[in-house]
Structure formats: C-alpha cells, structure tokens
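**Student:** Taken from TrEMBL, the feature domain 'Mur ligase N-terminal catalytic' covers 29-94. Feature annotation from TrEMBL assigns domain 'Mur ligase central' to 109-306. Taken from TrEMBL, the feature ATP binding site covers Gly111, Thr112, Lys113, Gly114, Lys115, Thr116, Thr117. Residues annotated as N6-carboxylysine in TrEMBL: Lys222. Among the features that TrEMBL reports, domain 'Mur ligase C-terminal' is placed at 328-456.
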Amino acid sequence: MKLQALIEKLKVKKIIELDPNKEVIDLIYNSKKAKKDTIFFAMVGTRVDGHKFIKDVETAGCDIIVLSDASYIAGNSTYILVEDTREALAYLSNIFFKEPSKNMTVVGITGTKGKTTIANYIKYIMDDNDKPCGIIGTNGIFYLDKEISTPNTTPESYEIQKALRQMLDSGVKNVVMEVSSLGLKCNRVSHLDFDIGIFTNLSPDHIGENEHESFEDYMLSKAKLFELAKKSIINIDDEYANVMQERTKNCKTYGLSNGADYTAINIVYPNSLDDMKTYFDIKDESYSVNSFGSFGVYNALCTVACLKELGYPYEKIKKSLNMAYVKGRLQVLDVLEGRKVIIDYAHNEVSLENLLSNIKTMNPKRIITIFGSIGTRAKHRRQELAEVSSKYSDLIIVTSDNPDIEDPLDIIKQILSFIPEDKKNSVFSFVDRDIAIKKAIELSKEGDVIVIAGKGHEEYQLINGERVHFSDYETVLKYAKNVD
C-alpha cells in the first residue's frame with residue numbers, strides 16, 4: 001500500500017520528508033521486527049518508551065517513523081508526528097488490513113468477571129450452528145483450526161486487525177472478543193465496528209501503578225466500549241450499569257431482577273455433586289448450562305440475550321448451551337473415584353468467593369483448596385484470597401501462581417500471614433505447584449472436592465520473566481493415574 005493512501009486521513013501534527021509514493025509492506029511496534037518499507041510506531045508503555053529505539057530501527061532499514069515526541073526527530077527518515085501513537089497504530093492498522101470488521105459480526109465483552117466464559121459460550125453456539133466464529137481473548141486467538149497465542153487478553157490493535165483479516169479471508173464472518181479495560185484505555189480496539197457491546201459487572205480489580213490509577217479510571221475505561229458499539233447488552237443488576245447505559249443509544253438489559261429485558265426465572269441450582277448443571281427459564285423458554293451459582297446464570301443469560309439479538313432461534317440456543325463448556329472455567333474432572341476435581345481461573349476475592357461458596361451448597365465432605373497469588377502486582381489479593389479460602393475450605397494448600405520476578409516463597413509467606421489462627425493446622429504450603437496438586441490428591445477422600453484455583457486454562461508459570469510450561473489439568477491427570 002502506498003504511504004500517501006495509508007495516512008491520507010490520519011490526524012497529524014507534522015510530517016517531515018514525506019515520500020507519498022513510498023510502498024509500505026507492514027506496520028511494526030517491536031523494534032526487533034524493523035526492516036525496509038515498514039512503519040515503526042514509537043509507543044510509550046509503562047516500562048518501555050518506544051522512542052528510545054528509533055535509532056535502532058533506522059539502522060535496520062526502517063525509515064518511516066510515527067512518533068509523539070518531537071525531540072526524537074533527528075535524521076533523514078520520514079517522521080510523522082501525532083498526538084497518540086497507539087491511536088495512530090489503531091487507525092492505520094484498520095486501513096492497512098482493509099477494514100475487516102465492517103464485513104463481520106463483532107461482539108465485544110467487557111467487565112470484571114465473565115468475559116471469557118460468555119465469549120466461549122457464544123463461539124461454541126455459533127460454531128455448533130454452522131456459523132464459524134473466531135475468538136480473541138484471555139486464551140489467545142482461535143478460529144477454525146488456527147490457534148495464535150497472545151500476551152494480553154486484548155492484543156495490540158495491529159494484531160487484532162490482522163487476525164480479523166485472516167478470519168475473514170478464511171470465511172469466518174463472526175468474532176467475539178474479550179475487551180479489557182487496558183485494551184480500551186490504550187486504544188487497542190479503536191476503529192473496530194462492534195455490532196454488540198456487552199457489560200457483565202464491575203468490581204475493584206486491576207488497580208495499580210501499571211494498570212489503572214483509580215477505580216474511576218478503571219470504570220470509565222470499561223465504559224468506552226459502549227461509545228463504539230451499535231447495540232449494547234448490559235447487566236442491569238450491577239450497580240454501575242447506569243454508567244454504561246449513559247454511553248449507548250440502543251440498549252438491552254439482562255439480569256435476575258424483573259426490570260430486565262432478559263430475566264432469568266425459576267432458577268434451579270445444583271444441590272449435590274451428582275448433577276452440577278443449573279436450570280432456568282426466560283419467559284416461557286427453558287435452558288440449562290454446565291455451571292453453577294448465580295454467576296453461572298448471569299453468564300448463560302447474557303449469552304442467550306446476545307444470540308437472540310443476533311437473530312438465533314430458541315431451540316438452537318437451548319441445544320447448544322446445554323453442551324457448551326469452557327476450558328479452565330469450572331472445569332470438572334471425574335478422574336478420582338468418589339471425588340471431584342474442579343479447575344478454575346478464580347484469582348481474586350470475588351471470583352474465589354463465588355466459586356467456593358457455591359461448591360459449599362453442594363454438601364461435599366470437605367473442600368480442599370489450592371491457590372497462590374501473582375507476583376509484582378495486585379498484592380492486595382494475597383490477603384483477600386487467604387481470607388476467602390479460610391472461610392470455605394477444610395484444607396488449604398498455598399503454592400505458586402505466576403510469581404514472575406518476585407521470590408515465590410515470599411509471596412507464600414505473605415499469604416500464610418493472613419490465614420486465621422484457627423485454620424493454621426489445616427494449611428500446607430509448597431513452592432512447587434506440581435507437588436501442591438500431588439499433595440491435595442493424596443490427602444483427598446471420598447466425597448471431597450479439590451479446587452485448583454488461579455490458573456485455569458493457562459499452560460505456563462511466569463517465573464523470572466519467563467514462561468515455563470505448566471498445566472493444572474495435565475498435572476491432575478498425571479497423579480490421578482497412581483490413585484487406587
């Protein structure tokens with residue numbers, strides 16, 4: 001694509017040494033990918049300022065630079081000065097990949113909890129009804145038989161637009177996307193055509209120096225999705241629903257209260273470990289879902305609302321929802337006789353409390369909970385997770401969960417310091433998560449439930465900045481084989 005055609009409508013402050021006929025073969029924001037005929041975007045992150053790599057990319061042959069700091073203009077390259085390089089990347093990525101979202105049905109989901117489950121339910125039901133659907137989210141990018149790993153729930157705008165173009169070229173015309181607060185704040189989803197924007201719920205999370213400076217910043221970042229979407233589906237029961245509704249003109253609501261457009265009634269929650277499905281009605285339609293607790297109903301209800309608004313018929317939604325499941329989200333393993341193992345991504349106070357409190361209602365003999373807490377950020381979770389696990393668990397095993405550059409033993413010691421005295425004799429700790437899972441299996445008895453919380457679908461441990469392969473699921477299967 002010619003440079004002039006690409007940047008024709010880009011908002012710029014200044015352009016230096018423009019060659020309008022120059023051919024552009026790719027857009028890059030990683031200096032290591034620099035080469036001739038690419039455009040480098042100098043983006044300012046929380047840890048690294050891309051402007052510092054401008055000389056490196058120029059040395060590698062890249063001579064078109066998009067930047068926001070004029071002090072780095074020094075050379076013979078084409079410099080395009082803009083207000084915000086992330087916004088510029090989003091805009092130009094959309095143009096470069098020929099605006100794929102305009103020819104797709106795009107569903108975006110934001111909220112503190114439920115994004116991954118709802119996204120996977122929607123994808124499962126669309127796929128099951130011969131409407132191939134791609135997904136972009138926590139687990140990566142998936143469509144047809146393709147799988148692309150991503151470092152973030154919502155990747156950079158370039159990666160999103162590239163994936164959408166690949167999906168469309170492969171015949172996939174539907175995509176559901178988890179839209180994180182940081183993805184919205186950092187303009188990663190700018191210039192996408194969202195047909196539906198979904199709001200699940202909001203609770204304090206991701207607040208810190210590397211994420212959101214305040215809860216208000218977190219909330220308003222989430223709300224940006226509804227300025228981009230043609231139609232919104234909002235959880236009316238959440239106390240911040242009105243903040244989202246104020247930013248949309250075409251809104252449908254869902255909830256357990258009577259005022260919602262989609263209201264769940266006649267809810268039957270599981271009361272034993274034998275049948276862990278939840279049953280509910282919407283008006284005169286009956287549904288079931290492989291989940292439990294009110295959060296399970298909210299996720300299923302939201303899924304139904306979305307698909308109904310997209311024109312899917314009741315019978316097809318009902319049949320597919322009954323079979324839908326999500327890897328690492330309330331994943332129940334029947335691999336130990338007389339016992340259940342549940343793998344779940346619950347990694348903060350709200351999600352762990354929801355999980356454990358609902359398991360408690362099914363009257364297991366004991367709940368054995370394995371958990372840890374991430375390193376370097378969200379340190380408040382260490383106390384919260386300790387207190388919640390102590391409240392509901394009969395045995396607690398504290399272990400590692402993506403310690404990153406922190407000493408995992410220090411994290412474990414901090415967690416242990418928040419365990420109440422009357423629970424101290426029911427607590428074990430192991431830095432090695434593999435050993436922690438093995439110990440839980442060895443300690444378990446008939447009627448017990450082993451809850452492995454925190455990592456869910458993840459197949460790695462983040463240790464000293466490196467991803468080391470680790471899977472809760474694989475580890476359970478490994479040790480379950482040795483149990484009589």
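Just so you know, glycine gets a Cβ as well, placed from its N, Cα and C.
For each listed feature, how buried is it and what is near it?
**Tutor:** In the predicted model, the domain 'Mur ligase N-terminal catalytic' (29-94) has a mean pLDDT of 96.
Every protein chain shown contributes to the tally, and the Cβ of Thr112 (ATP binding site) ends up with 20 other Cβ atoms within 10 Å.
Annotation for Lys222 (N6-carboxylysine): spatial neighbours Thr110, Gly111, Ser181, Leu184, Phe199, Leu202, Met244, criterion Cβ-Cβ under 8 Å with sequence separation of six or more.
Summarised by DSSP class, the composition of the domain 'Mur ligase C-terminal' (328-456) is 51 helix, 30 strand, 48 coil.
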**Student:** Please name the residue among the binding-site residues Thr116, Thr117 whose C-beta has the most neighbouring C-beta atoms within 10 angstroms.
**Tutor:** Thr117
**Student:** Quick one: give me the count of other CB atoms within 10 A of the CB of Gly114 (ATP binding site).
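**Tutor:** Result for Gly114 (ATP binding site): 25 other Cβ atoms within 10 Å.
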**Student:** When you average the Cβ positions of Gly111, Thr112, Lys113, Gly114, Lys115, Thr116, Thr117 for the ATP site, which other residues in that chain have a Cβ within 8 Å of that mean position?
**Tutor:** Ile109, Ile118, Glu178, Thr200, Asn201, Asn299
**Student:** Taking the Cβ of Lys115 (ATP binding site) as the centre, how many other Cβ atoms fall within a 10 Å radius?
**Tutor:** 25
**Student:** Within 10 Å of the Cβ of Lys113 (ATP binding site), how many other Cβ atoms are there?
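**Tutor:** The Cβ of Lys113 (ATP binding site) has 21 Cβ neighbours within 10 Å.
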**Student:** Using DSSP, would you call Gly114 (ATP binding site) helix, strand or coil?
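**Tutor:** Assignment for Gly114 (ATP binding site) reads coil.
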